[in-house]
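Undergrad: Next up is a structure, given as structure tokens.
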């Protein structure tokens, strides 16, 4: 697909709008029964989603219009604030064994979501100064790796292993794209793997989740239930699906049907064509985001657009791979579709950064 430079911004915003609209429709049908069960009002969760979506559009406009140089200069205070927010989660109660949220006046905030923004701006600012002819020695990379390691370990200690793995993959891809020597990237990955394995084995439930993923039918009514239910929902959708609102898996048959496994609801009700449309939108989102990055007029803007696009795309692909049984079930949700106020707000903030970069593109 070849797109004129002048059309990139329009194409990107159109895909973004389609993702938001499609996600809203699928969220409504996936949350209808749960909302009725929890509150007696089938529309309660949907209206809550609309409120968060309105707020997220305001955030989008802020990040689309804010000075990127201002963000670049203020990144260290932002990192410090993010660090304290993540540390504050250890004072909050656990949910499903993880300390991911801060609760305040009935509102929950997930600081690891905010770290996506901090991570994007910090790495973009740092890598924008990189010159492989002058500073490709390992000493140049110690600072970003140390900062990343601090946040990564804190997220692991929250018992949010899946988010930690997500950030690690994102970090490695960005290092590779930044022209870091391949030998360094390889050495970092080789070092990371045993460390990651140790953290994995420290919690027996993580190991059992891996075994359930490898052999879900060994425990079909227990640890393998989510995977089997998700696959059955996707299979039952066929080509055209059962019809919007006509799915059964959301009726209490699949836990997290409106969050982690919302893709299964989509597949059951809208079929293979609905699934293909969603995946195509995510690929187009990354495609246009990437081309906005390579046609930006500075290295800093390149990384802002690239990392923001990659962060959303990578998360979406991980969630989809979980739904189709190619990754173990985790707490990774589907951007634009799944429930979660922090998630949609941060997703729209990153989308706003891409839009910000798209306002001034170059043919170079």
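Counting begins at 1 with the first residue displayed.
Placed from the backbone N, Cα and C atoms, the Cβ positions cover glycine too.
Annotation comment: Swiss-Prot describes 1-12, 65-74, 122-136, 293-301, 355-364 as topological domain 'Cytoplasmic'. The annotation transmembrane segment is assigned in Swiss-Prot to 13-33, 44-64, 75-95, 101-121, 137-157, 161-178, 180-202, 272-292, 302-322, 334-354. Under the heading topological domain 'Periplasmic', Swiss-Prot lists 34-43, 96-100, 203-271, 323-333.
Mind running through what each feature is packed against?
TA: Beyond the ends of the transmembrane segment (13-33), by six or more residues, the same chain brings 42-43, 45-46, 49-50, 53, 244-245, 247, 250-252, 257-258, 262, 265-266, 269-270, 277-278, 281-282, 284-285, 288, 334-339, 351, 355 to within a C-beta distance below 8 angstroms of the stretch.
Note on the topological domain 'Periplasmic' (34-43): residues 250, 252, 257-258 of its chain, located 6 or more positions outside it, place their CB under 8 angstroms from a CB of the stretch.
The topological domain 'Cytoplasmic' (65-74): residue composition by secondary structure is 7 helix, 0 strand, 3 coil, according to DSSP.
Residues 71-72, 75, 78-79, 82, 85-86, 88-89, 92-93, 95, 148, 151, 155, 158, 160, 163, 167, 170-171, 303-304, 307-308, 311, 340-343, 345-346, 349-350, 353 of the same chain, all 6+ positions outside the transmembrane segment (101-121), place their C-beta atoms under 8 angstroms from a C-beta of that stretch.
Same-chain residues lying 6+ beyond the ends of the transmembrane segment (161-178) with a Cβ under 8 Å from its Cβ atoms: 100, 112, 115, 119, 123, 127, 130, 141, 148, 151-152, 155, 184-185, 188-189, 192, 196, 199-200, 203, 206, 303, 306-307, 310-311, 314-315, 318, 330-332.
A mean pLDDT of 88 is what the model gives for the topological domain 'Periplasmic' (203-271).
Beyond the topological domain 'Cytoplasmic' (293-301), the same-chain residues lying 6 or more positions past its ends with a Cβ under 8 Å from any Cβ of the stretch are 5, 8, 68, 72, 124-125, 127-128, 130, 309, 357, 360-364.
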Undergrad: Below 8 Å between Cβ atoms, which of the listed ranges 75-95, 137-157, 302-322, 334-354 makes the most pairs with the transmembrane segment (180-202)?
TA: 137-157
Undergrad: Which of 75-95, 137-157, 272-292, 302-322, 334-354 has the most Cβ pairs closer than 8 Å to the transmembrane segment (44-64)?
TA: 334-354
